(Lines of atoms letter the chains of each structure in order from A and count residues from 1; the text may use other names and numbers.)
(Lines give C-alpha, C1' and ligand atoms only; values in the text may rest on other atoms or scores of the structure.)
Protein backbone atom coordinates (compact mmCIF):
# COMPACT_ATOMS: atom_id res chain seq x y z
CA UNK A 1 0.00 0.00 0.00
CA UNK A 2 2.77 2.40 0.94
CA UNK A 3 4.63 1.49 -2.18
CA UNK A 4 1.63 2.33 -4.27
CA UNK A 5 1.28 5.73 -2.59
CA UNK A 6 4.94 6.48 -3.19
CA UNK A 7 4.59 5.59 -6.83
CA UNK A 8 1.58 7.88 -7.08
CA UNK A 9 3.51 10.78 -5.52
CA UNK A 10 6.42 10.19 -7.84
CA UNK A 11 4.06 10.19 -10.79
CA UNK A 12 2.47 13.45 -9.64
CA UNK A 13 5.88 15.03 -9.12
CA UNK A 14 6.95 13.92 -12.55
CA UNK A 15 3.82 15.39 -14.10
CA UNK A 16 4.34 18.68 -12.26
CA UNK A 17 7.90 18.83 -13.47
CA UNK A 18 6.79 18.10 -17.01
CA UNK A 19 4.11 20.78 -16.84
CA UNK A 20 6.59 23.27 -15.42
CA UNK A 21 9.09 22.45 -18.13
CA UNK A 22 6.43 22.87 -20.86
CA UNK A 23 5.39 26.16 -19.31
CA UNK A 24 8.96 27.40 -19.36
CA UNK A 25 9.36 26.34 -22.98
CA UNK A 26 6.17 28.18 -23.95
CA UNK A 27 7.39 31.27 -22.16
CA UNK A 28 10.70 31.06 -24.06
CA UNK A 29 8.84 30.74 -27.38
CA UNK A 30 6.63 33.67 -26.47
CA UNK A 31 9.69 35.75 -25.64
CA UNK A 32 11.26 34.85 -28.98
CA UNK A 33 8.09 35.81 -30.83
CA UNK A 34 7.99 39.12 -29.02
CA UNK A 35 11.60 39.81 -30.01
CA UNK A 36 10.84 39.08 -33.67
CA UNK A 37 7.76 41.30 -33.60
CA UNK A 38 9.73 44.08 -31.98
CA UNK A 39 12.40 43.84 -34.65
CA UNK A 40 9.80 43.92 -37.43
CA UNK A 41 8.12 46.91 -35.90
CA UNK A 42 11.47 48.64 -35.54
CA UNK A 43 12.26 48.02 -39.21
CA UNK A 44 8.84 49.30 -40.28
CA UNK A 45 9.28 52.39 -38.14
CA UNK A 46 12.78 53.00 -39.51
CA UNK A 47 11.50 52.67 -43.08
CA UNK A 48 8.66 55.10 -42.35
CA UNK A 49 11.05 57.64 -40.84
CA UNK A 50 13.35 57.33 -43.86
CA UNK A 51 10.47 57.86 -46.30
CA UNK A 52 9.29 60.92 -44.38
CA UNK A 53 12.83 62.29 -44.38
CA UNK A 54 13.15 61.83 -48.15
CA UNK A 55 9.78 63.48 -48.71
CA UNK A 56 10.82 66.42 -46.54
CA UNK A 57 14.04 66.80 -48.55
CA UNK A 58 12.09 66.94 -51.82
CA UNK A 59 9.77 69.60 -50.45
CA UNK A 60 12.65 71.69 -49.12
CA UNK A 61 14.56 71.78 -52.47
CA UNK A 62 15.20 75.38 -53.72
CA UNK A 63 12.25 76.67 -55.74
CA UNK A 64 14.54 78.54 -58.16
CA UNK A 65 15.61 75.30 -59.81
CA UNK A 66 13.16 75.65 -62.68
CA UNK A 67 13.43 73.00 -65.37
CA UNK A 68 14.91 74.35 -68.57
CA UNK A 69 11.90 73.13 -70.49
CA UNK A 70 9.68 75.75 -68.82
CA UNK A 71 11.56 78.73 -70.32
CA UNK A 72 10.77 77.84 -73.94
CA UNK A 73 7.18 77.28 -72.91
CA UNK A 74 6.96 80.83 -71.58
CA UNK A 75 8.52 82.14 -74.80
CA UNK A 76 5.99 80.19 -76.84
CA UNK A 77 3.18 81.62 -74.74
CA UNK A 78 4.46 85.16 -75.29
CA UNK A 79 4.77 84.57 -79.04
CA UNK A 80 1.30 83.06 -79.19
CA UNK A 81 -0.14 85.97 -77.23
CA UNK A 82 1.61 88.48 -79.51
CA UNK A 83 0.39 86.66 -82.62
CA UNK A 84 -3.16 86.70 -81.25
CA UNK A 85 -2.91 90.44 -80.57
CA UNK A 86 -1.61 91.11 -84.10
CA UNK A 87 -4.41 89.01 -85.59
CA UNK A 88 -6.96 90.97 -83.57
CA UNK A 89 -5.48 94.28 -84.74
CA UNK A 90 -5.59 93.07 -88.34
CA UNK A 91 -9.24 92.06 -87.97
CA UNK A 92 -10.06 95.47 -86.50
CA UNK A 93 -8.24 97.21 -89.37
CA UNK A 94 -10.10 95.11 -91.95
CA UNK A 95 -13.44 95.85 -90.32
CA UNK A 96 -12.60 99.55 -90.21
CA UNK A 97 -11.56 99.51 -93.87
CA UNK A 98 -14.88 97.89 -94.82
CA UNK A 99 -16.75 100.77 -93.24
CA UNK A 100 -14.69 103.43 -95.05
CA UNK A 101 -15.42 104.71 -98.56
CA UNK A 102 -13.44 103.40 -101.51
CA UNK A 103 -11.13 106.38 -102.01
CA UNK A 104 -9.94 105.13 -105.37
CA UNK A 105 -13.51 105.14 -106.70
CA UNK A 106 -14.38 108.44 -105.01
CA UNK A 107 -11.30 110.09 -106.52
CA UNK A 108 -11.96 108.65 -109.98
CA UNK A 109 -15.55 109.90 -110.03
CA UNK A 110 -14.64 113.40 -108.86
CA UNK A 111 -11.82 113.79 -111.39
CA UNK A 112 -14.07 112.51 -114.19
CA UNK A 113 -16.67 115.13 -113.19
CA UNK A 114 -14.05 117.91 -113.33
CA UNK A 115 -12.56 116.66 -116.60
CA UNK A 116 -16.01 116.37 -118.21
CA UNK A 117 -16.94 119.91 -117.15
CA UNK A 118 -13.73 121.16 -118.80
CA UNK A 119 -14.50 119.28 -122.02
CA UNK A 120 -11.51 116.95 -121.60
CA UNK A 121 -10.90 113.21 -121.50
CA UNK A 122 -8.11 110.96 -120.26
CA UNK A 123 -5.74 109.82 -123.01
CA UNK A 124 -2.69 107.59 -123.05
CA UNK A 125 0.56 109.22 -124.16
CA UNK A 126 4.05 108.11 -125.13
CA UNK A 127 5.44 108.22 -121.61
CA UNK A 128 8.90 107.03 -122.70
CA UNK A 129 9.44 110.10 -124.88
CA UNK A 130 7.98 112.29 -122.14
CA UNK A 131 10.40 110.84 -119.59
CA UNK A 132 13.36 111.20 -121.95
CA UNK A 133 12.70 114.89 -122.62
CA UNK A 134 12.01 115.64 -118.95
CA UNK A 135 15.24 113.96 -117.79
CA UNK A 136 17.23 115.68 -120.56
CA UNK A 137 15.98 119.12 -119.51
CA UNK A 138 16.86 118.42 -115.86
CA UNK A 139 20.39 117.31 -116.81
CA UNK A 140 20.86 120.52 -118.82
CA UNK A 141 19.69 122.70 -115.92
CA UNK A 142 20.94 121.02 -112.72
CA UNK A 143 21.05 124.25 -110.69
CA UNK A 144 17.28 124.62 -111.08
CA UNK A 145 16.63 121.23 -109.45
CA UNK A 146 19.54 120.04 -107.26
CA UNK A 147 18.74 122.38 -104.31
CA UNK A 148 15.22 120.96 -104.09
CA UNK A 149 15.93 117.25 -104.42
CA UNK A 150 15.81 115.17 -101.21
CA UNK A 151 18.72 112.93 -100.19
CA UNK A 152 18.97 109.98 -97.80
CA UNK A 153 21.36 111.80 -95.47
CA UNK A 154 19.33 115.07 -95.54
CA UNK A 155 22.30 116.87 -97.09
CA UNK A 156 22.71 118.58 -100.45
CA UNK A 157 22.22 116.38 -103.47
CA UNK A 158 25.60 115.64 -105.07
CA UNK A 159 26.17 115.70 -108.85
CA UNK A 160 26.48 111.92 -108.80
CA UNK A 161 23.18 111.55 -106.95
CA UNK A 162 21.51 113.98 -109.34
CA UNK A 163 22.78 112.04 -112.36
CA UNK A 164 21.44 108.80 -110.88
CA UNK A 165 18.10 110.51 -110.16
CA UNK A 166 17.75 111.60 -113.78
CA UNK A 167 18.71 108.15 -115.06
CA UNK A 168 16.01 106.53 -112.91
CA UNK A 169 13.47 109.11 -114.05
CA UNK A 170 14.21 108.31 -117.68
CA UNK A 171 14.58 104.52 -117.53
CA UNK A 172 12.38 103.23 -114.68
CA UNK A 173 8.80 103.57 -113.46
CA UNK A 174 9.81 105.93 -110.65
CA UNK A 175 8.16 109.32 -110.79
CA UNK A 176 8.43 112.50 -108.83
CA UNK A 177 6.13 115.45 -108.40
CA UNK A 178 6.20 119.19 -108.88
CA UNK A 179 9.87 119.36 -109.95
CA UNK A 180 9.24 116.95 -112.80
CA UNK A 181 6.09 118.84 -113.83
CA UNK A 182 8.12 122.06 -113.98
CA UNK A 183 10.71 120.24 -116.11
CA UNK A 184 7.95 119.06 -118.48
CA UNK A 185 6.64 122.61 -118.78
CA UNK A 186 10.12 123.96 -119.54
CA UNK A 187 11.02 121.15 -121.93
CA UNK A 188 7.86 121.60 -124.04
CA UNK A 189 7.64 125.38 -123.47
CA UNK A 190 4.02 125.08 -122.42
CA UNK A 191 2.14 125.78 -119.20
CA UNK A 192 0.94 122.75 -117.24
CA UNK A 193 -2.38 122.55 -115.42
CA UNK A 194 -2.93 119.83 -112.81
CA UNK A 195 -6.40 118.60 -111.87
CA UNK A 196 -6.78 116.81 -108.56
CA UNK A 197 -9.51 115.83 -106.13
CA UNK A 198 -10.62 118.39 -103.53
CA UNK A 199 -8.05 120.98 -104.67
CA UNK A 200 -8.15 123.98 -106.99
CA UNK A 201 -6.57 123.74 -110.41
CA UNK A 202 -2.79 124.02 -110.06
CA UNK A 203 -1.23 126.15 -112.81
CA UNK A 204 2.49 125.98 -113.62
CA UNK A 205 4.36 128.44 -115.92
CA UNK A 206 1.20 130.29 -116.96
CA UNK A 207 2.98 133.62 -116.57
CA UNK A 208 6.00 132.42 -118.56
CA UNK A 209 4.22 130.89 -121.54
CA UNK A 210 1.38 133.31 -122.08
CA UNK A 211 -1.46 132.58 -124.47
CA UNK A 212 -0.32 129.03 -125.07
CA UNK A 213 -2.51 125.95 -124.79
CA UNK A 214 -1.59 124.23 -121.51
CA UNK A 215 -0.75 120.60 -121.01
CA UNK A 216 -3.49 119.30 -118.72
CA UNK A 217 -2.87 116.31 -116.48
CA UNK A 218 -4.82 114.69 -113.67
CA UNK A 219 -3.22 113.71 -110.38
CA UNK A 220 -4.44 110.47 -108.78
CA UNK A 221 -3.30 109.73 -105.25
CA UNK A 222 -5.37 106.56 -104.79
CA UNK A 223 -5.45 105.02 -108.28
CA UNK A 224 -2.60 102.57 -107.63
CA UNK A 225 -1.28 101.04 -104.43
CA UNK A 226 2.32 101.86 -105.38
CA UNK A 227 1.85 105.61 -105.12
CA UNK A 228 0.65 108.72 -106.92
CA UNK A 229 -0.09 108.63 -110.64
CA UNK A 230 -0.56 111.24 -113.39
CA UNK A 231 -2.78 110.92 -116.45
CA UNK A 232 -2.63 113.04 -119.60
CA UNK A 233 -5.83 114.84 -120.58
CA UNK A 234 -6.98 115.90 -124.05
CA UNK A 235 -9.91 117.85 -125.41
CA UNK A 236 -12.84 115.73 -126.44
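Each Cβ is built from the backbone N, Cα and C atoms, and glycine gets one as well.
Segment annotation: TrEMBL labels region 'Disordered' over residues 51-102 (candidates 51-102, 103-154).
Segment annotation: TrEMBL labels region 'Disordered' over residues 1-35 (candidates 1-35, 176-210). Mean per-residue pLDDT, taken over the domain 'OTU' (120-236), amounts to 84. Per DSSP, the domain 'OTU' (120-236) is made up of 44 helix, 31 strand, 42 coil.
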